[in-house]
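Enquirer: First, the structure itself, so that you have it in front of you.
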Ligand code: A2P
């Protein structure tokens, strides 16, 4: 298969190349694309050197799938051009996620919705993906009424510049700032930009994308998204109110049997999910599962995943694998 990776020089783009190699994705030709300033630069894939090409050159080569991770503006402008060339676009940006005619896909939950006509497919936001992987089986069985979410998000979600900011701060070097404040030894209750309603865009993504993926606009959701000086992955504290009551052991059992979920919940042995250990893993880790005694039919849960993997690259490649395995490409 001919595959283009748009944003191949970025953090997610690099992770996409790693995950394509690890999963032995059937690639005959790889087209790495980045901005004009990177055209001609060399990248390494599967031990071979490739030159970065321009967007137009990639479109003219008519890849079967283009995996985009180059920001919303780039996706809005260029995904339709790839579509015209007959390419399936799997897009990591927020550009198409809430478009009423575009599908927002987490393969464990809703890949079966995809058809040959879905040429632009949206990959959800990183913090949404890991949460819905854990929530979807619970919603099916107990029906979620309300979610109260607090996130503890890795700086890698912001991109190369944020990782450089943290490295510079730790090395005592003055450099370019990705955030309005220092991030080392700090927490910023500010992920993405503020909207008119005083929530951040990241918080609104969690709210709107979760409803779209779970196909249920009746779920009431509120969120606070916080950036923390962590590199390995995102963590989330989620309070869930169900319509039906649950048996805690049965619920944990359901999670342990759910695709893509690993239960790490033995507090007496200090076993619970942590970003340091979710780093470079493709699964979603859940733990600290306990009844919320302050409210009927309610539960607290801690959810952790590598935001560059299941939150971005791995999910996008699982979508590409679905297209390939189901002969949609
Ligand atoms: P470049 O390296 O040439 O700037 P990150 O989010 O980690 O900063 O990565 C962003 C990725 O998106 C990079 O690969 C970057 O390429 C790419 N990119 C940014 N703007 C464009 C554009 N207009 N066209 C294609 N790729 C772009």
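Cβ coordinates come from backbone N, Cα and C, glycine included.
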Enquirer: Which candidate from 307, 315, 326 does TrEMBL annotate alongside 9, 10, 11, 12, 37, 38, 156, 157 at the NADP(+) binding site?
Expert: 307
Enquirer: Just give the helix, strand and coil counts over the domain 'Semialdehyde dehydrogenase NAD-binding' (2-117), going by DSSP.
Expert: 41 helix, 28 strand, 47 coil
Enquirer: Do me a favour and check the Cα-Cα span between residue 307 (NADP(+) binding site) and residue 126 (active site, acyl-thioester intermediate); whole Å is fine.
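Expert: If we compare the Cα positions of residue 307 (NADP(+) binding site) and residue 126 (active site, acyl-thioester intermediate), the gap is 5 Å.
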Enquirer: Under 6 Å from ligand 1 by C-beta, which of these recorded positions make it: 9, 11, 37, 126, 307? Sequence order, please.
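Expert: Among 9, 11, 37, 126, 307, near ligand 1: 9, 11, 37.
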Enquirer: Given the binding-site residues 9, 11, 97, 153, 227, state which is nearest to residue 234 (active site, proton acceptor) when distance is taken between Cα atoms.
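Expert: Closest by Cα: 153.
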Enquirer: Spatially speaking, which of the recorded positions 97, 126, 153, 227 is closest to residue 11 (NADP(+) binding site)? Use C-alpha to C-alpha, please.
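Expert: Result: the closest of the recorded positions to residue 11 (NADP(+) binding site) is 126.
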Enquirer: Among the binding-site residues 9, 156, 307, whose Cβ has the fewest other Cβ atoms within 10 Å?
Expert: 9
Enquirer: Could you measure the widest C-alpha to C-alpha distance across 9, 10, 11, 12, 37, 38, 156, 157, 307, the residues recorded as binding NADP(+), and give it to a whole number of angstrom?
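Expert: 27 Å is the greatest Cα spacing among the residues binding NADP(+).
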